[in-house]
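Notes to accompany the following structure.
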Amino acid sequence: MSYSGFRRSCGDEMTRKQRNDATCRQSAEQQRNREGWVQKSPVLPGSGMTTKIIHFTINGRLEKAEFGSSCSAAEVKDLFRAAAEVGPHHILKMYNITGNTVNISPQLEANSVDSHYRLEVVTSDVKGVRMPPELDNMESRLHHLERKVLEDVGKPPEVVCELKSEVESFRRKLESMEHLSWMGLFKEDGDLLLSKLSPKSKTAQLSVEEKHQQVRKKFLNMSSLQVTEEVREHLKTPIFDNWALEGPPIFHQRCDNMMLWNRQWEEAEMLVLLQVMFTDLDFLTDLHIELDVLQNFLFEVYCHYNSIPFHNFRHCFCVTQMMYGLIWMTDLRSKLSKLDLLTMLASALCHDLDHPGYNNIYQINAKTDLALRYNDISPLENHHCAVAFGILSKPECNILKNLTREQYKQIRGAMIKCILATDMARHNEILNKFKTIQPVFKFTNKDHKEVLMKIMVKVSDISNEVRPMAVAEPWLDCLLQEFFNQSDTEKLKGLPVTPFMDRDKVSKPSCQTSFIRFVLLPLFTELIKLFPCLEQHILEPVRHALEYYSEMERATKEEKRTTKA
Ligand SMILES: Nc1nc2c(ncn2[C@@H]2O[C@@H]3COP(=O)(O)O[C@H]3[C@H]2O)c(=O)[nH]1
Ligand SMILES: [Zn+2]
């Protein structure tokens, strides 16, 4: 879809009526051109003015806006607010291709699809993030209690410290969920939320850019700390809890945000753990990766995942961690080269970069720019891969820069193949290929190895059900959020509705029993033929999950039957 603004020429100013007429003509034209993204004419009829075309993404969706350089700044902002489908109270940020902020103003430079800007909605400038009054009350009473106890005893008892930590953890949880307000978890206004802004909640009001910088700072500060052996070992298993509902401290030393239990891993901590994975696989020493380059690369990867329910940085982390676990559990370190291992880990890390939250079916049906650019052939996976190599093209992020030309060629080719293999439309093709080679599999055979690497990335990508139920089930909720969001949009736009995403047709247990029966079990069964040791780690938990969701399905049906009766 494209967005047109009205334009005024310098020294030839249009009257408000003329401008309104122009807007109307433009809107009508925009309506006529809804299916395509290119306006028929860049020139306003009768105005003699040329326009500026701005390409940008919003939630990963490529869009186009058109306006004249003599538009007012407010008009230009309104135009982008319309594109972002937000009201006047929302703050927008625009970033150029290198990630720097650019001013949203009539001076915004025209660009091409390849150098598109990224538009992000920050937060409402008036509503802000409001914390429940109970939380503020609790904190103030705790503070009072702490002071009193300090006066009487000299040091706060453990129970007060624990309570303080719990309150802080709860506050963080609320803050970390604020960006999900569009999911309807928070009331826009009303009694529940206080109008008073809590000082700490200001962190949630930061722009995306500011938040990224904070994460970077925290990550770099923490990265020099020693991660405990316990966590390092845990990281090699599928029972690693990415939500960290109850986790051990991750560092030997104390640090500012000393691990509060009962909360999600923070982005900075996930970045530290990713760094540990690269270090513990000896990539830095063996492939000559400089630590600061690795840190820049990981940080850029983090910045290029969107805040969407499922295909976000946490998913990227989980997939990479599962790949890391598989490498250790199958002892691939003794069977594959370091370059092959790096291919797999980096592919997992980059496999969903800049995912917009709408799948390939949507891209193709909505004729998005990604579908046009990649001729409907795995548009998303092609995009993820292109973004990955875009990041690697910056020397300060290029973890491959010290490889030989031949090694670079090899890893680039293999990463492209692995990332493109995550398109589920190719699932049967890749699984069948693996089935034919599995009985004669040889690690020395280049083709065999290539198929195995694709399978490993695919397994990691769809491995949520391998994790303990308490970890896996919230992931399914996130996935369904994204699915339903897509099907709702499809309905709104009059596009074909993707059946497995339709909230009127899909239930949590039904979608999961089918996915486990028809996708996970056949794939995992084939992989354990090559690695029998994986049976207990990946096949058994998935069988349990199938029982769990089958039971849920039976109970739901029974409930419906009794309600009807
Ligand atoms: N039903 C279901 N689908 C999943 C699950 N995990 C991954 N998928 C699907 O598998 C797909 C893998 O590629 P995508 O990331 O495009 O989108 C993913 C989801 O559509 C799961 O646990 N349940
Ligand atoms: Zn994925």
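Even glycines carry a Cβ here, placed using N, Cα and C.
It should be emphasised that the depicted structure is a prediction, and the values quoted were computed from it without experimental measurement.
In the structure as shown, the Cβ atom of His311 (active site, proton donor) sits within 10 Å of 25 other Cβ atoms. According to DSSP, His311 (active site, proton donor) sits in a coil region rather than a helix or strand. Annotated active site, proton donor per TrEMBL: His311, in sequence order.
Among the features that TrEMBL reports, AMP binding site is placed at His311, Asn312, Phe313, Arg314, His315, Asp352, Asp461, Gln512. Arg314 (AMP binding site): 18 other CB atoms within 10 A of its CB, across all protein chains.
Around the Cβ of Asp352 (AMP binding site), a 10 Å sphere holds 26 further Cβ atoms from the protein chains shown. Per TrEMBL, Zn(2+) 2 binding site is recorded for Asp352.
Feature annotation from TrEMBL assigns compositional bias 'Basic and acidic residues' to 9-22.
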Among Asn312, Gln512, the one of these binding-site residues whose Cβ has the fewest neighbouring Cβ atoms within 10 Å: Asn312
Filtered binding-site residues, from Asn312, Phe313, Arg314, Asp352, Asp461, whose Cβ is under 6 Å from an atom of ligand 2: Asp352, Asp461
Alpha-carbon spacing, Asp352 (AMP binding site) to His311 (active site, proton donor), which is rounded to whole Å: 7
